[in-house]
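**Q** Annotations for this protein, taken from TrEMBL, read as follows:
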BINDING   E92, D204  divalent metal cation 1 binding site
BINDING   H128, H153  divalent metal cation 2 binding site
Amino acid sequence: MFDIGVNLTSSQFAKDAAQVVERARAAGVTGMLITGTSVQESVAASLLARQQHAYCWSTAGVHPHHASSWNAEVAQQVRQLALQPEVVAIGECGLDFNRNFSTPAEQEAAFSGQLALAAELDMPVFLHCREAHARFAALLTPWLDKLPAAVVHCFTGTAEELAGCLALGLSIGITGWVCDERRGLELRALLPQIPVDRLLLETDAPYLLPRDLQPKPASRRNEPCFLPHIVRQVAAWRQEEPEWLGRKTDENARRLFRLV
């Protein structure tokens, strides 16, 4: 099973990142993608991935929260990072109109710039979309025939938005959000609608600790070692066998990010 979304550069992992990776290995996680959300975090992610060669890989990009930093210099820095062998996708990039830490105009400029860069470099994109589906789809669609692959990381949208993403040919990243009885039930019901060859699984650690873990961890920090729990739960809700789904989603990740 492969965790496509680990924020291993988070300050929450500053003291024990290597142990976090080892716990994931011991739990049966067979690989992970470390998320880059800014130039600084993308550099750190690539270094961590290099230290865990052939087990960890990374993305390079600018998250919509940090879109105000996007300029020609940042674009060149992301381009140089993307040439490193451990960097296998551009992102995390997209739109987040929920918080607007950067203005919508800044977000759209950074998103479009990263889509152009991914097309130029023939790299997959690792996408973020929150409360921005229509504009997200409008900006993304013209690039899709120029991109090798795209995954919507940590999908939490509606049935209509899921149908829209699938119609565009996107893969769907599912987190422990679906394990939350307060806000994850709508998405949980949609899980069977995702074709298995488009499904990817992730923890988004250290965020989104599954609320139904038993026994409940002492810390609220999520870790990639909890990915097997997400696999088991998603498999149950899709009426599939957990080991098979873990292998299948691992294959999907390795194919999408061209790790094979």
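Including glycine, each Cβ sits where the backbone N, Cα and C put it.
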**Q** Hey, which of the binding-site residues E92, D204 is the loneliest by Cβ count within 10 Å?
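**A** Candidates: the binding-site residues E92, D204. Fewest Cβ atoms within 10 Å: D204.
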**Q** With every protein chain in view, how many other Cβ atoms are within 10 Å of the Cβ of H153 (divalent metal cation 2 binding site)?
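**A** The answer is 27.
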**Q** Cα-Cα, whole number of Å: H153 (divalent metal cation 2 binding site) versus E92 (divalent metal cation 1 binding site)?
**A** 8
**Q** Roughly how many angstrom lie between the C-alpha atoms of H128 (divalent metal cation 2 binding site) and E92 (divalent metal cation 1 binding site)?
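**A** Counting only the Cα atoms, the answer is 6 Å.
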